[in-house]
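Undergrad: The structure under discussion is supplied below as structure tokens; questions concerning it will follow.
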Amino acid sequence: MAPRSVLETIQSVLQKNMVREFLAEFLSTYVMMVFGLGSVAHMVLGENSGSYLGVNLGFGFGVTMGVHVAGGISGAHMNAAVTFTNCALGRMTWKKFPVYVLGQFLGSFSAAATTYLIFYGAINHFAGGDLLVTGSKATANIFATYLPEYMTLWRGFLDEAFVTGMLQLCLFAITDKKNSPALQGTEPLVIGILVTVLGVSLGMNSGYAINPSRDLPPRLFTFIAGWGKQVFRAGNNWWWVPVVAPLLGAYLGGIVYLGLIHPSIPQDPQRLENFTARDQKVTASYKNAASANISGSVPLEHF
């Protein structure tokens, strides 16, 4: 028997579900973060090139594109808090948690590096070559969130937990087939709109990281790239809040929806029959797609 070629070996590895899900989370998070961080760079560095609304649209539609990239493979969580909640509530196995989060962290870190390279000249010009974490010429806030002076650490914690809870509650609602889910095929757009709405309504106080995978890897990049230890010390050691608070908030938001709303949905037989018929059609279409070597699993319900 002839030895397997390198290409065949790579294809064999990529066919494993865990590997595919890792790569899906990596690429979807990378796409989301490039659009999101790029929009922040425009607001910080360009006098008239960006705005706060632009940042929210950048992250919102970045999420939409990320779900389009990987929604049919991993569900495109792009958020360690969402992954944690799905594992904690039994909607996916814990063995997938490190795979998803590692993919998200590496994708986010890579996006931060990409953003730095794209805006390298503008970053150096903006602060005269200095890499500052605080002050009017700060550029570290392009990559991670920092607490404003009027906010205390614990108020920021509650803010992050609450906004992430709203995110998770609405994600469960959007993908709940027994309630009023988004129309089939519109889920990426609706989820992106959700992120945009959270930003324009609740994002001012803490920068609405609402995602450990969005905040910690870029912060680590800035530490390595020259901004130094101040990226962890600023804001009374704010760095850990966008990591811990979203985990708690998403979990509580998930419990609120599954505990209060999901059991209260009327089990109308005709409605359930309609959902079953729709699901059978969707399953059949994905089986046909699979025969054409296209992935047929769309686990968006993991949200």
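Using N, Cα and C of the backbone, Cβ positions are placed for all residues, glycine too.
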Undergrad: Membrane-wise, does Swiss-Prot list LEU45 and HIS262 under the same topological domain?
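TA: Judging by the topology that Swiss-Prot records, the two residues are on different membrane sides.
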Undergrad: Tell me which of 207-220, 277-290 corresponds to the intramembrane segment entry in Swiss-Prot.
TA: 207-220
Undergrad: Of the listed stretches (22-39, 53-70, 186-202, 239-260), which one yields the highest count of Cβ-Cβ distances below 8 Å with the transmembrane segment (153-173)?
TA: 239-260
Undergrad: For the transmembrane segment (97-117), name the stretch out of 22-39, 53-70, 186-202, 239-260 with the most CB-CB pairs under 8 Å.
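TA: Answer, by Cβ pair count: 22-39.
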Undergrad: What's the CA to CA span in angstrom from ARG214 (site 'Selectivity filter') over to SER5 (phosphoserine)?
TA: 38
Undergrad: Expressed to the nearest Å, what is the distance separating TYR208 (site 'Selectivity filter') and SER5 (phosphoserine) at their Cα atoms?
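TA: Roughly 47 Å, rounded to the nearest whole number.
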Undergrad: Tell me, how many other CB atoms lie within 10 A of the CB of TYR120 (site 'Important for permeability to glycerol'), whichever protein chain they belong to?
TA: 11
Undergrad: Which residues of the chain, 6 or more past the ends of the topological domain 'Extracellular' (203-206), have a CB below 8 A from one of its CBs?
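TA: Those are 56, 145, 147-148, 151, 155-156, 159-160, 163, 241-242, in sequence order.
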